Amino acid sequence: GDEEDEVEETLPVAEEGREKSCTTWRNSCMHNDKGCCFPWSCVCWSQTVSRNSSRKEKKCQCRLW
């Protein structure tokens, strides 16, 4: 009926918002297996804070591919 059509229309908008929030940087991939990153993977790596610094920081990001 009409109710089903309304549900279909609102879903893509929610998905779009979720995808945008999923690409934000994060400090950890923990607790994401059933959350934002699914069905994508969350990847972490270390990188130096700046070119003339040896200090490293951990960066994590959901990969949408």
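Any Cβ shown, glycine's included, is placed from N, Cα and C.
Per Swiss-Prot, the cysteine from C22, C29 that shares a disulfide bond with C42 is C29.
Of the listed cysteines (C37, C44), only C44 is recorded by Swiss-Prot as the disulfide partner of C60. Residue density at C62 (disulfide bond): 21 other Cβ atoms are found within 10 A of its Cβ, drawing on all protein chains shown.
Cβ-based neighbour count (10 Å, all protein chains) for C44 (disulfide bond) stands at 13.
C44 (disulfide bond) sits 7 Å from C29 (disulfide bond), taking the CA atoms of both as reference points.
C29 (disulfide bond) carries neither a helix nor a strand DSSP state and counts as coil. If you measure from the Cα atom of C29 (disulfide bond) to that of C60 (disulfide bond), you get 6 Å.
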